[in-house]
Every structure is written in structure tokens, then in C-alpha cells.
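Pulled from TrEMBL, these are the features on record:
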DOMAIN    A:50-255  domain 'ABC transmembrane type-1'
DOMAIN    A:323-517  domain 'ABC transmembrane type-1'
TRANSMEM  A:46-73  transmembrane segment
TRANSMEM  A:85-109  transmembrane segment
TRANSMEM  A:121-143  transmembrane segment
TRANSMEM  A:190-211  transmembrane segment
TRANSMEM  A:237-260  transmembrane segment
TRANSMEM  A:281-302  transmembrane segment
TRANSMEM  A:322-344  transmembrane segment
TRANSMEM  A:365-386  transmembrane segment
TRANSMEM  A:392-413  transmembrane segment
TRANSMEM  A:454-478  transmembrane segment
TRANSMEM  A:498-516  transmembrane segment
Amino acid sequence: MKLRSRLPHPGNVTALAIAALVAGSFIALATVDGGKPALFSIGPYLIRVLAFSVIQAGLSTILSLALGVALALALARRRFFGRDVVLSLLSITMVMPTIVAVFAVLAVYGRSGWLAEALGALGWNGSFTIFGYPGILIAHVFLNAPFVARITLDGLDLVPAEQWRLAASLGFTPAQTFRHLDWPVLRAELAGLAGLVFLMCFKSFAIVLALGGGPSRATLEVAIYEALKIDLDFGRAAWLALIQLAICLFMMLVLDWAFARPPATHTMRAQVRRPDEANRRLKIIDALILVGGGLFIAPLALSVLRGLRNIFDVVDADLLQAFATSAAIATAAALVACGLALSLASAARRRMISRSRRLAAVYDFLPNSLLAVPPFALTAGLFLMIRPFVDPAMAGLILLPLINGLAALPFAYRYIAPRLMTTEERYGRLAASLGMTGLTKLRIVDWPVLRRPLVASFALAMALSFGDFGVIALFGGAELRTLPYLLYERLGSYRLDEAAAVGLIIVLAAFLLAHVSGRMSHAAD
Amino acid sequence: MLLIESCRLTWPDFTANYSLKVPTGHLCAVVGPSGGGKTTLLHMIAGFEVPESGTLAFAGQDLLPLTPAERPVAIVFQDHNLFPHLTASQNVALGLQPSLRLTGRERALVTDMLDAVGLSGFDQRRPGEMSGGQRQRVAFARALISGRPLILLDEPFSGLDPGLRRDMVQLVDELRRRRPVTIVMTIHTPEDVADLADQMAFVTHGEVAASGTPADILQGPLAARVAASILDE
């Protein structure tokens, strides 16, 4: 008993290990070439990168929110045949890997894409380029507008049925309906959503790297990658990483404050008729929004289907090996994410029980704070740390699951931590009175409730890792190739049909895993 | 008179067929087990559910072709009666003018109505800053200020402690003496309104199984069945 009481809690060890990994990697990176202060020498470059990051993220956020909110309102007001298909399509784009979105933009709007073909068939001989702002904005809006639409629609669905009935009884006009029922939901959601979309676009890597059109258009994430991969300037990478970390942490603290949504207190989901759905003008506006949104999203979402024609042609040793590598890395990353999430959530619960709410909040914030850490800087730093002990060829295989697992940790934590806290509220006192602790408590009290969220978070972590085109850009090559890297290679050599087939395989795998995750997270215990 | 005759509603798992008469100015308490169709009856009168057949009329006017907003009906729900972003006086004012563009006279009416329900000085409070009983008073004030002659109260006292329930019952009694209205209210504990109600209807399995004075329902041959259905919950 004495020995056990002296052992630190696994959650404490995990938290310290994560902090040590992040701090160690940054120190390793900053000191690799003598720790010279590189910040002043990159001043103008840094300002250009920051300006570009902010402008493209700002524009992407405004456009994503505009389209997403318009779609959500139109979908909330209308019930039509195929509405469920539209909602599924929105869900597919939410889990679409960024590198596949790059392919979709090129397939539809590229030089030999569907739009160019259609315009050519109409006799238009001009040329246009998708590289630069147009491609980046299209890809960001394509990935984020459906996300905004789904979250907003979920929020609108939480308006109590009684309030819709009240609105009908009081004879609200469409403007009054918007003012008293829709706007309060939008006002509560938009600040947090805007911050989240801005953060994702600010950190964007694959889209900006592939569609930016040159080194003049780089986000901080791309700049870190270029410093590491092209210029081998580790000091610059460390400074850029620190700046990104500071900006993103600040934004996340603001988000944490803005996104604190009050718990829903609805008695029933609104399955009542909205008083504004019969309004003729709104019917026309909604039809235009739905058709316009459909014309923008559907071709991009369905572009990978052209890969069906070539799916058997691309099956070769390279593809099979890339698939196996992706699956192995995704499995290991999911194990890392779930293991870390479980131990951190357990430590947070322990702190809550002992009424150390502030410490519990630190454990809660730690997984989210990882979203702010630039993965390239973390990877490069860790690479420098393990380089003396590990064969460089093996380093990728060790670091990829670790980095992808850490990237998936915030999402896994969100599934696991609330359930663990719920079991404590329900059965904590009973378990304490029976003397259940440690593994016994985990097996008898927690496991039955945790089983499904663990499977859900495992599948989601696998989906995120399977489609990730991030750190693999540093290690990828003939010896280590994942499916997203293979897709990037095919895109780089303009083999669009093969890229479509590879993209289709990635999307199918990611969607299947996300579907399993969704089913498990919504299933009853 | 509120006249409901053979009003039939059908769902895959539930069928309702209501017949009930409530004289103008009366308070009719609807009792019965949960899931028996009490709230559906109120929703049908308010226009949220439309019967496939039957007659629904009030003061000689056919209600069936009318939308909820066109019906002479105001409703108070068990919960979520108030818009959380509006103040108490704005929530009451919705009953007068949904655009909330009020004349001076209308503003005075809102203040008077808040006074009448015992909430003077609460006009700038938002629902989140009021107790459950105070929120129900605001909802009741909104129903009264609308001037609609038929008021539906859907379990308005549930969730309130016995003392608050008694206060609310007294309030309903006082206010209907000031302005004659017909009230149909579903209620969980019939004793709360036994002295106040002119009529009581026992609704179960989607039908009005019996209707009469509170004494008829609570002390007559049906008494054991009514008590059992309520105790079952």
C-alpha cells in the first residue's frame, strides 16, 4: 500500500511528459546552431508571413461563416426530399483530409479541371490560375463552411419546441422569428465558431503549401516547414514556432472564454413547424442559398468519385505499402491519443474529487493547448533530441505516431473526460464506500461507460491520422510513404486521375472511421 | 362556449379522439395520467395540432381554418415560456405587439400587468435572473395582456413548490375575476385547483373519459381511477 501511494498518478506523469516533450523540442531547436538570436534578421519576412496568415485566415473565416450560416438557416427552415443526403454530404466534407481538398480544388477549378473544360466547351479560350488567394480561399471555405453549417444547425435545433409554438401563437413575422429565435443562437455560436475557423486557417499547412503558388504566400506553419526542410535554418524555425505558439495560445484562451456555451435546457428537440417557413420571399432566398451552396460544395465533394474509374489501376506495390504504413501509423497514433487522454482525464477527475478545481482545469486545458503547438517545430525538435540514439531512417516511424497521436489528443479527450466525470458523479461515492480504487475501479465502474467513447475516440484519432498530410511532408520519401504523401506526389506530377483514385481511398477510409466514431459516440451505454 | 366534438388525431403509435364542452368564463382543469393526451388536447385547441375530423369552435367561431396566431387563444407552457434575451417587460409586451414597438399607452399597460401579477419593479430583469414562479407569472401576464378570451395553461404549476403553487392558483383566481376569460389548464395535482375550477375533465388514452364538477371527478365513481392514474406516476 505504501509503495502504491508513493507512485505518481499516470496522469501527472503524462502531463509532465507532454510539457517536457514540447519544451525540450523547442530548446533543442533553438540551440542547435549555437542559439543565435535569429528573430531580428527575419523581421520583414516575419511581417510578410504574419500579414498573409492573418489576411487569408480572416477572408476564409468571413466567407466560411457567411456560407455556413446561410446554409444552416436555409436547412433549418426547409424540409425537402434528400435533406438527409445534404446533411451527410456536409458531414463528409467535415472529415475530408486537407490534401484531398487540395485535389478537389485542382480537379474542379484547376487548369484542366471541370470548370475550365466547361468554359472551353462554351467557347471561352482565356486562362485563369487557381494558385494564390483563390485556391486557398476555395479550399478553406469548402472545408469550413460545412462545419459552420452543421454546428449552427445543431444550435438552431436546440431552440425549445415551446418557443417555436409561442412564436406561431404570437404570429411572429420572419424578421421577428429571426430576431427572437435564430439570432440569439447565432450570437451565442458565432464568436466561438469564427475564432475556431480563424485558428484552423491561420495554422493551415497543406492547402497553403500546395495552392499558395510560391514562397511569397506562406503561413507560419509553411514558413516553419520551409525553414526546416529547404533552408535547414533551425533557429528561424524555433522563433517562428514560438511566435505561432504564442499567437495560437492567446487565441485559444479567448476561444475557451467565448465558446463556453451554457448547457442546453430544451425539453424536446424542435420538431414543430417554423412560422417563417411559409413566407414566399424566404422560400426563394432559401432555394437560391441551397442551390448556390450545392453548386459550390457538391462538385468539390464529389470530385474524388472520378477516382472510381482508376481505382484498380493504381493498386500497385507503392499503394499497398503506403496503405499499410498509413494504417500502422494511424493505429499507433490512436493508441497514443487514447492512452494519454485516459490518463489525463483520470488525473483531472482525481483533482475534481479532491476539490482542486484549478488543477483540474489545467489538465482540461493541456490537451487543447496542443492545438497551438506547431507540429513541424515539435517534430524537428524531437528529431534533434533522438538523433544521437536512433537511426534517422527510423525516426519518422517513431515520431509520426507520436505527433499524430498528440494532434488527436484534444479530440479524444473531449470524448473520454466528460464520461469519466459522469461515472464519478453517479457511482463515485458508492465506489469509495466499497473501497474500489485504481484498476479495480477502472474495470468495474468506468469501463462499461468508457468502452464506447474509447472506441469512438480511437476511430476518430485513426481517421485524423490516416488522412493527415503534415509531418509526413518532412519525412516522406521513397522509404517512408503514406497515402496522403502518395497523393501529394501524384498531384505534384499532374497525374490527376491517379490522384483521384488515391484520394478516394483516403476519403473512404477516413469517412468509414469517422462514421464508426459518430455511431459509437451517439450510442447509448 | 368552447366546443370540441369528435376531434380525431392519429399518429403511428397514438390515436386521440376528443369531445368536450367548456362554457365561456369557466375554468376547466384537465387531469389524467402522463402520456394520456392532456397536452395534445391543448395543442389542438391552440392550433399546433390539426385534427383530421371533428368540430372545434369557440364563441360560435370555427377555429379549425385559423392559424395559431389567428385563434383567440393564448397559451402558457410548463417551461421555456420566455425568451431569455428579452427583459420581463419585453416578454410581456410580445403579447401586445410582437414587433416590440410600443406606444406610451401600451408601455403603461405592460407595467400595469406586471404589477397585477405581483412583479412590480421586475420589468428590466431577464428570465435568468428570476425564479421559476416569477417566470411563470411573466408568462401568465403575457397571456392576459394579449386580450385573447381563451387561455390555455399547460401544467403551469409543475416544478413549483407547494407554497408557490398555492400563490399561483390564487393569482389565476384573482386575475380571472378582474377580466373574464375562459381557461383550460392541464394539472398534475387536482387538489390544487379543486376549489377554483368550475369543471374538471379526466383525459386518458387520448379521450375525455369523464367531465363534470371537481366533486364529480374527485369524489364520484371515477375517483379511484383518477387517483390511481396520478399515483402511478
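Glycine is no exception: its Cβ is also placed from the backbone N, Cα and C atoms.
Since the structure is predicted, the reported quantities are computational estimates derived from the model, not experimental observations.
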Long-range Cβ neighbours of the transmembrane segment (A:46-73) (under 8 Å; 6 or more residues past either end): 39, 90, 133, 136-137, 140-141, 144-150, 152-153, 156, 182, 186, 190, 193-194, 197-199, 201-202, 204, 208, 216-220, 223, 240, 243, 286, 289-290, 293, 296
Segment-segment contact (the transmembrane segment (A:190-211); the transmembrane segment (A:322-344)) at 3 or more Cβ pairs under 8 Å: no
Feature contact check the transmembrane segment (A:85-109) with the transmembrane segment (A:322-344), CB under 8 Å, 3 or more pairs: no
CB contact flag for the transmembrane segment (A:121-143) and the transmembrane segment (A:281-302), at least three pairs under 8 A: yes
Long-range Cβ neighbours of the transmembrane segment (A:281-302) (under 8 Å; 6 or more residues past either end): 67, 70-71, 73-75, 77-78, 86, 89-90, 92-93, 96, 101, 104-105, 108, 114, 138, 141-142, 145-146, 174
Candidate ranges A:85-109, A:237-260, A:365-386 - greatest C-beta contact count to the transmembrane segment (A:392-413) (under 8 angstroms): A:365-386
Long-range neighbours of the transmembrane segment (A:85-109), counting only residues six or more past its ends (CB under 8 A): 71, 75, 115-116, 130, 134-135, 138-139, 142-143, 146-147, 149-150, 153, 204-207, 210-211, 290, 294, 297-301, 303-304, 306, 463, 466-469, 484, 487-488, 491, 496, 499-500, 503, 506-507, 510-511, 514, 518
